[in-house]
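Per Swiss-Prot, the features are:
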{"type": "ACT_SITE", "residues": "His193", "note": "active site, proton acceptor"}
{"type": "BINDING", "residues": "29-57, Arg99, Asn138", "note": "NAD(+) binding site"}
{"type": "BINDING", "residues": "Arg106, Asn138, Arg169, Thr248", "note": "substrate binding site"}
Amino acid sequence: MATLKEKLITHIASESTIPNNKVTVVGVGQVGMACAVSILGKSLCDELALVDVLEDKLKGEMMDLQHGSLFLQTHKIVADKDYAVTANSKIVVVTAGVRQQEGESRLNLVQRNVNVFKFIIPQIIKYSPDCIILVVSNPVDILTYVTWKLSGLPKHRVIGSGCNLDSARFRYLMSEKLGIHPSSCHGWILGEHGDSSVAVWSGVNVAGVSLQELNPAMGTDRDSEKWKEVHKQVVESAYEVIKLKGYTNWAIGFSVADLLETMMKNLNRVQPVSTMVKGMYGIENEVFLSLPCVLSASGLTSVINQKLKDDEVAQLRSSADTLWSIQKDLKDL
């Protein structure tokens, strides 16, 4: 006897079993879930996979998202601790990793994350050999290098979320100072995501008007308007949010969805993300730093040759040296 479903539906052709635009998020902590929700909110994938080692938390997050399916345009939301669930992903977002313990050195933290990534990355490649990996876990520049080494992928398919968020914070703070929407305030934060990032004051503009031409002291200690404080706030803002609420997640989630939109829709937008910079600006080691990069469906296809001043280049090189001093001592890569 025919079932209700058979009475209701007449099949014409078999359904496609391989997703067109699948995204995986590895790690369902605060950052991973903010990324997942931001990606769903922008309707960027037809299938979203979540992976974590915490099975109950993972299942709970999956069910919670599935219950909102009516309000989303994502056909399928799946989750499992087995990486088979990630098969055929176009982009894999890695947010997993261990947290820094009190008094722990960065090298020790990075080494512990290397050990985590040694399990994660080969599993990703096994099931999605053609994917692009977007690394979000901190310290992001070093872990992007680690991912590149462990994955064997070409460098254009291993990208760090880098200074996309730092630049967004910069443009927001600039917009507050000027009373103009952040999208009309143009400025770039490059280099290391975090403490040694570089503000490119020479390129800061509104409608093509260079702010440094209007205020030649901008970004220096001589500046009576103290614009240098804006960059200082960018660097300190994450620490402040962590102090207030315990972690940061929403802004990085929006930032990641923004990067995914550029790649999933093949937009060729220029965004400050972490890429391999050996051979650029006199940097001699294999380090990943943020530069203005063109992102497309192929990954990171080009780097914009930004005209940097001597002091900005010196800061970039200093960042590179800092990162290399940690990377060169990493084991098992």
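Just so you know, the numbers here start at 1 and follow the chain as drawn.
Each Cβ is built from the backbone N, Cα and C atoms, and glycine gets one as well.
Maximum intra-site Cα distance, substrate binding residues Arg106, Asn138, Arg169, Thr248: 24 Å. Within its own chain, Asn138 (substrate binding site) has Gly97, His193, Gly194 as residues 6 or more apart in sequence whose C-beta sits under 8 angstroms from its own. Sequence-distant neighbours of Arg106 (substrate binding site) (same chain, 6+ residues apart, CB-CB distance under 8 A): Gln100, Pro139, Ile326. Put plainly, the recorded positions Lys57, Arg169, His193 were compared by Cβ crowding within 10 Å, and the winner is His193. Cβ environment of Thr248 (substrate binding site): Val31, Ala238, Val241, Ile242 lie under 8 Å away, each six or more residues apart in the same chain. Ala49 (NAD(+) binding site) falls within a strand segment according to DSSP.
Cα of Lys57 (NAD(+) binding site) to Cα of Arg169 (substrate binding site): a distance of 31 Å. The DSSP secondary structure for Arg106 (substrate binding site) is helix. Residue pair Met33 (NAD(+) binding site) / Arg169 (substrate binding site) shows a Cα separation of 21 Å.
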